[in-house]
Amino acid sequence: MLLSRLRNRLEGLLYDNTVEEEAVRKMRQKSLSGLAIFVGLVAAVGGFLYGYDTGLINDIMEMSYVKMEIPANHHSFNVHERALVTAILSLGTFFGALAAPLVSDTYGRKKSIIFSAAVIFNAGNTLQVSATDVALLCVGRAISGVAVGILSAIVPLYQAEASPKWVRGLIVFTYQWAITWGLLIALAVCQGTRKINSSASYRIPIGLQYTWLIILCVGMFFLPESPRFYVQKNNIKAALESLKKLRRLPTDDPDLIEELVEIKANYDYEMSFGKTTYLDCFRLGGGRHKQGLRILTGIGVQLFQQCSGINFIFYYGVNFFATMDVKNYYLMSFITYLVNVVFTVPGIIFIDIIGRRQLLLLGGIGMTVSNFIIAIVGVTMTSRDARSLVSIVFSCCFIACFASSWGGCTWAICSDIYGISIRQKAVSITASTNWLVNFVFAYITPYLIDTGAHTARWAIKYFLFGAV
C-alpha cells in the first residue's frame, strides 16, 4: 500500500517537473555525495582492521624479542611456523566469508558488521595479545580471520547498497584504501616498538586494534541499516526511513521515492523466479540475466587479484628485503606501503570516470611489465646492489599499478554486478575465493624465500608467475 502511494506520488512529481527543476535535481544529487562518502569511510574501517592485522604479522615476526620468545626454538621462526602464523588468518577469512550470508541476510548488514567486530574479532585479538607461543597466536589469528572474512563480504556490500549510484564505485574503493592505511599504520607502530625488549614490543601494536574496533562499532551504531535489506524483508516503511537518513531528503522527495521504487522493482523481478540458493548464483539461464557468468566474472577478478603476487610483498616484504641484504628493510617496506596508500587515490577518482574494465586493463598492463622486469633482473643481474635497487623500484611500480586498479576495483565489481536476491550469497562466494587463494599463496611463499633451503632465488621468480 505504501509503495503504491509512493509510485503515484512519484508520477505526479515527475509530470510537474520542468527542465530547470531537473537540472536543480542533478546538482543536488552531487551535493549529497559528501554524506555517502562519510558513510562509506565509517564502514571501511572494517577494511582497516584487515590491513592492520595483516601488516602486523609481517613486522612482528622480525622483532628480536618475539624471535626469542614465541617460536618453539626460541631463536627464530622456522619455515613452517612462519607459513602457518601468516596464512592462518586467511583460512579463517575463507570460512567467515562463506558464513556472511547467514548473518547478513538474517540480521542485517549493520548488526552483522558490529557483531563481527565487537564479538568475534575482539575474541581473536584478545588471544593474540595474550599469546606466548605459536599455537595461541595461530588460534587468535584464525578467530580474527573469521571476523575479517565476514566483514570482507558485508562491508563492500553495505557500502554499495547505502551509496547513490553515481559515486558507488568510489565509495566501495575506499574499502581497499582503508586496507592500505591499515598496512601502513601497522608498520609505523611496529617500527616504534620493535626495539622494546619485553612483551610490550608486540602487545602494544596488537592491543591498538581495540581502538579500531571501537571506532567501527560506534560509527556503525549511528549509521542506518541498508535500505535494500529492509526491502528484502518487505519492510518498505523502514527502507524509506533508511533512505531518508542516507540521502538527507524529505520523505516526499521525488529522487528518494524514485530510488526506493527502483530498488523494490528490481527485487520483485529477481524474486519472480522463486527463492534463491547458492546454486542460483551459477545459473546461466532462466531469466536471471546469466547470473552464472556474473559469478564467474567475480570469481575471476578475485582470483587474478591474488595471483598477481601482491601479497608476497605485504605478507613477507620485511623478510624478503632482509634476505636481499637491504640495509634498512623496515624503511623499504614502509616506502612500499606508502606507495600503496598514495596510488589508491587515483583509483578512487577514476573508477566512476573511465569505468571498471578500463581500469583493470590499464593496471594489469603496468603490473605485468613490472613483474617481468623484476623477474628478469633477479635472475640475470650479477651485482647484488643493482639487483636490489631495480627490484625495489619496480616493486613500487607494481604496487602503484595494483593500488590504482585491481586493489579496489575488484571489490567494487563484486559488490555491484549481482541481483539483490542473490547479492549477499554471490559476494560471499567471490570473497571466499579471494581468501582461499590468499591462504594458499600465504602458506607456500615462505618455502620460496627460505634461505636455509637455498631457495631464496625463487622469490624473484615468484614475480614471473605474477606477471603471467
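Yeah, the Cβs are placed from backbone N, Cα and C, and that goes for glycine too.
Those TrEMBL annotations? Automatic predictions, nothing curated.
According to TrEMBL, the domain 'Major facilitator superfamily (MFS) profile' annotation covers 39-468.
The feature transmembrane segment is assigned by TrEMBL to 32-52 (among others). Through the fold, the transmembrane segment (32-52) approaches residues 93, 113, 116-117, 121, 147-148, 151-152, 154-155, 158-159, 162-164, 166-167, 170-172, 174-183, 185-186, 208-209, 212-213, 215-216, 219-220, 223, 246-249 of its own chain, all at least 6 residues removed from its boundaries and within a Cβ separation under 8 Å.
Beyond the ends of the transmembrane segment (83-103), by six or more residues, the same chain brings 50, 53-54, 57-58, 61, 77, 111-112, 115-116, 120, 124, 134, 137-138, 141-154, 315-316, 424-425, 427-429, 431-432, 434-436, 438-439, 442-447 to within a C-beta distance below 8 angstroms of the stretch. The transmembrane segment annotation in TrEMBL covers 83-103 (among others).
What TrEMBL lists as transmembrane segment is 134-158 (among others).
Feature annotation from TrEMBL assigns transmembrane segment to 170-189 (among others). Residues 36-37, 39-41, 43-56, 58-59, 155-156, 159-160, 162-163, 204-205, 208, 212, 314, 330, 333-334, 337-338, 340-341, 344-345, 347-349, 351-352, 403, 407-409, 411-412, 415-416 of the same chain lie 6 or more positions beyond the ends of the transmembrane segment (170-189) yet place their CB under 8 Å from a CB of it.
Marked as transmembrane segment by TrEMBL: 201-223 (among others).
Feature annotation from TrEMBL assigns transmembrane segment to 329-352 (among others).
Summarising the annotation, TrEMBL assigns transmembrane segment to 359-380 (among others).
Within the chain carrying the transmembrane segment (392-414), a Cβ under 8 angstroms from the stretch's Cβ atoms is held by residues 156, 160, 168-169, 172-177, 179-180, 297-298, 301-302, 304-305, 308, 310, 313, 321, 326, 332, 335-336, 339-348, 350-351, 356, 359-360, 362-367, 370-371, 373-374, 377, 426-427, 430-431, 434, 463, 466, all 6 or more beyond its ends. Among the features that TrEMBL reports, transmembrane segment is placed at 392-414 (among others).
Annotated transmembrane segment per TrEMBL: 426-449 (among others), in sequence order.
On the 0 to 100 pLDDT scale, the domain 'Major facilitator superfamily (MFS) profile' (39-468) averages 84 in this prediction.
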